[in-house]
């Protein structure tokens, strides 16, 4: 009877081995590798470790999603690329697209939820999100929408050549002496001087500086010590650059446990743990963190299969001893 029970147990274990090998799935319990102890293989059922936390959702909108928009009415696109309706998505400093407004006069483009410059004024919307008419706003490298440089005036026509002078006539015969002329009339009073021309209009205000760092500048960093890169891509040291919600890179920290990548100023996952840094900026060991399509740094796909292979070798050795 005892030998029959062991045979049934061996067949059940072989069946589990085939299922796990075919699907490359991790078991819901820990099987110890021990070739001398029989039924202790299944003691790991009571010591099952909890699953690792799911990574945060990947970006859904804005600069992190190719300029995509939120679908539901009333949702705002946050600076991290996620959609929602609370202050963490819609309030100033946290919203990058589909924000509730209002916006300052002269604002335009994605920085003002797609607002356009006034029509008929010849204004262009610059990369910085401001309206203007100079090349700082309208040149192709500086413009994000309504890009149209005014055409230069046509050149003046070349001067026409002077007409040919006619041949000089023969000298006339001397005229008879003129009669005595009356005294000349007195000259008219001088006309009043014309009014001065109107003053020229003031020059237009200069354009804001172009982005210097972060995702608006190809991942560039601020140069000066202590400067933070704001969500708009400019460098500075005040709260408008360094405080949470306004800082995207070179922020003073601290960062939550498990954060990594550009979302945590280039912070790495702990070494020697097999953790990968996901596109969302969190550390983990599953394919949600380590697969090439999901990983931004410390991408190590070997950690996905090696624990399963070690468990399979232990089960195989145990089955050979039992049978």
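Placement of Cβ uses the backbone N, Cα and C atoms for every residue, glycine included.
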Which is it, of 39-94, 151-206, that Swiss-Prot names as region '10 X approximate repeats of S-P-P-P-P'? 151-206
Please report the distance from the Cα of residue 161 (O-linked glycosylation site) to the Cα of residue 234 (chitin binding site), rounded to the nearest angstrom. 58
Which secondary structure state does DSSP assign to residue 234 (chitin binding site), in the simple three-class scheme? coil
Cβ-Cβ distance under 8 Å to residue 78 (chitin binding site), same chain, at least six residues away: 62, 84, 88, 89, 94, 95, 96
As a whole number of Å, the Cα atom of residue 80 (chitin binding site) is distant from the Cα atom of residue 163 (O-linked glycosylation site) by 75
Assigned element (helix, strand, coil) containing residue 82 (chitin binding site), judged by DSSP: coil
Kindly assign residue 161 (O-linked glycosylation site) to one of the three DSSP-derived states: helix, strand or coil. coil
Within the region '10 X approximate repeats of S-P-P-P-P' (151-206), what mean pLDDT does the predicted structure show? 65
